[in-house]
């Protein structure tokens, strides 16, 4: 037995390449190619920009590293699109395709498909984009034991605005904040959206919820009540708080709308209830806070008349600063939450397009 073991060891040693004998070297080297050509998935663009109500294509193509063919033909190719959460720890199913089988999920049903402009095209087409579609998407291609992924970000043109209810500042837990934004034709903003808004000049001292559960606020003009006048401008982070018990304001995000926003010309000023009825009589609805911000930011809407909105607040949009109408800056001016039964104002209406 010992002799046999000795001979095996001798054979193994002699199996090593011999630098002085090229023929021996070629005989001893064994090349192993695992699972054939390596699958590669590529997104031609990392970021895609669109707007609510639009259509968009998220690019994704797959290749084999050592061949120009799209697939080896030995396995069916499975294409799966998912949406990633802010921390990449959770994925929401969007669309799956394998052969002739197709399946879409949730709010994406009836709105997503593959472009399939070529054999190796896995790009995802999304129609009638919703505010909730904003975010990062993962394209995964699976063929046999091989798979690879690429990530594409869908950005929406829009506006971030701070929001607090009639009760006053710091009265919303996270779930109430989500509902408050939805009621005003918007969604709770992401950190990236708030950061972009800060870079565009948004300055707000009240801390508000963001979609990842953090609480932050943007400061462009440092001052004592907002972290101190000697601090640097930036987005201040309070960290992550209890979504049920902690209470703050919220930053909402809205984008284009499919309709007409306008100030209703009326012979008299109105109470809140009269304002609601006046819009209905004109074939519209009383406008929401998200709609006045979208009209101001995206359409340049400018009106110096204060008017009721759906949440009971009174505001007016100024795109061209001037005397008596926000002389220092373009903004949606906030008058407050007046007494609905006794205070008289104009009204902003919104008529949706069919």
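Glycine too: its Cβ is placed from the backbone N, Cα and C atoms.
Whatever TrEMBL says is automated annotation, not expert-curated.
Sequence-distant contacts of residue 226 (disulfide bond), defined by Cβ-Cβ distance under 8 angstroms and a gap of at least six in the same chain, are 205, 217, 219, 236. Residues or ranges marked as disulfide bond in TrEMBL: 205-226 (among others).
Under 8 Å, Cβ to Cβ, and six or more positions away along its own chain, residue 304 (disulfide bond) finds 316, 318, 324, 325. Annotation source TrEMBL lists disulfide bond at 304-325 (among others).
Annotated domain 'Ig-like' per TrEMBL: 37-153, in sequence order.
Residues or ranges marked as domain 'Link' by TrEMBL: 159-254 (among others).
Annotation source TrEMBL lists domain 'Link' at 259-351 (among others).
If you look up TrEMBL, you'll see 1-15 marked as signal peptide.
Within the domain 'Ig-like' (37-153), the DSSP-based counts of helix, strand and coil residues read 6 helix, 60 strand, 51 coil. A simple way to gauge crowding: the CB of residue 205 (disulfide bond) has 15 other CB atoms within 10 angstroms, across all the protein chains here. Over all protein chains present, the Cβ of residue 325 (disulfide bond) has 16 other Cβ atoms lying within 10 Å.
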